[in-house]
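A short write-up of the structure that comes next.
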Amino acid sequence: MSGNTFGKLFTVTSFGESHGLGLGAIIDGCPPGLELTEADLQIDLDRRRPGTSRYTTARREADEVKILSGVFEGKTTGTPIGLMIENTDQRSKDYGNIADSFRPGHADYTYWQKYGLRDYRGGGRSSARETAMRVAAGAIAKKYLAEKFGMTIQACVTQIGDIVASGPKGAPFDVNTVDWSSVEDNPFFFPDETKIEQLGEYLRDIIKEKDSIGAKVTVVATNVPVGLGEPIFDRLDADIAHGLMSINAVKGVEVGDGFAVVNQKGSEHRDELTPEGFSTNHSGGVLGGISSGQQIIAHLALKPTSSIGVSGKTVNLTGEATDIITKGRHDPCVGIRAVPIAEAMLALTLMDHFLRHRGQNADVQCNTPDIEA
């Protein structure tokens, strides 16, 4: 299997399966001298960790990360950083009934056809369990970017099913009005406090029905420097979409206004420039594939997981029709735990592009002052 490495100068290679002994990652290209401890990584891992509320999977993993290499006396050395997380709460017996059948909506059929075999225990390599290593690696990138630029990367769930987040006093949702501390204080990472109770009732009903529901996640990077992105084929927004689309269950990504631009006229959509700053940010902080210095804003659509307790039709390994019910412990809404994963993938993309920009354009000087974001 190829395709396990993300990035060009700041690279992350992950390995491991859902029900294997553990998960791991190698991060190469991290500059030396960054103060780094396991506690720095654990903060985001705990936000993603399963079994933390009634609205996520009941699988309980400590997800305690170990730094194996690349850090000496509390600082990165510039050599590859090795990370490891042990799996401790596998329950492979839950998947015995699907060993010979394909779960509809999952990677079972495509993995089987591509590789001629598959790890049916929780999906093996195709499981979202793999994303724990992305979150750990992303925490390194977030820390470096925060110290270098004061950059913050934050995400929240802005829609679950037909429940959509609003701004203050019912105004349309706006990332600039989000109280990020309140986002961390509710189990849904939801920015609209007026709908938390409604969300709880809604998801409890979904769980009773043994079903699942989709979600929308919004991720925002602030204090991004101008100039990140490598046109033509490595445009910043293209690589952001690549990183976010690689997250399990993501079926759509928008940058800035995304598909809403279809209804906009050019006179509305263009982000006019003034000496005081940009008038709007319909572009989501990227112009011509290069960061403009404005907030980078992206939205992710996550499908409802197909691992549900509702009987569905499928075929077995010999192509015969059969019915299937997926047992095991699964998230009723995978979008909730996708919040730190989205932050991680945006951080990894921006970190990689910063190093690429510095490598080629460090000596470029421009007399035009940066426009305020």
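Heads up, residue numbers simply count up from 1 along the chain you see.
For all residues, glycine too, the Cβ spot is worked out from N, Cα and C.
What you are looking at is a predicted structure, and each value in this text was computed from that prediction instead of being measured.
For Arg48 (NADP(+) binding site), the count of additional Cβ atoms within 10 Å of its Cβ stands at 23 [all protein chains shown]. Annotated NADP(+) binding site per Swiss-Prot: Arg48, Arg54, in sequence order, evidence recorded as sequence analysis.
Under the heading FMN binding site, Swiss-Prot lists Arg125, Ser126, Ser127, Asn248, Ala249, Gly288, Lys303, Pro304, Thr305, Ser306, Ser307, Arg329, citing sequence analysis as support. Counted within 10 Å of its Cβ, the other Cβ atoms near Thr305 (FMN binding site) come to 23, all protein chains included.
Within 10 Å of the C-beta atom of Arg125 (FMN binding site) sit 19 other C-beta atoms, taking all shown protein chains into account.
Following the DSSP three-state reduction, the secondary structure of Arg125 (FMN binding site) is helix. Proximity of Lys303 (FMN binding site) to non-local residues of its own chain (separation of 6 or more, Cβ distance below 8 Å) is seen for Gly105, Gly214, Ala249, Val250, Lys251, Val334, given in sequence order. Rounded to a whole number, the distance between the Cα atoms of Arg48 (NADP(+) binding site) and Thr305 (FMN binding site) is 17 Å.
Between the CA atoms of Arg48 (NADP(+) binding site) and Ser127 (FMN binding site) there is a gap of 14 Å, rounded to the nearest whole number.
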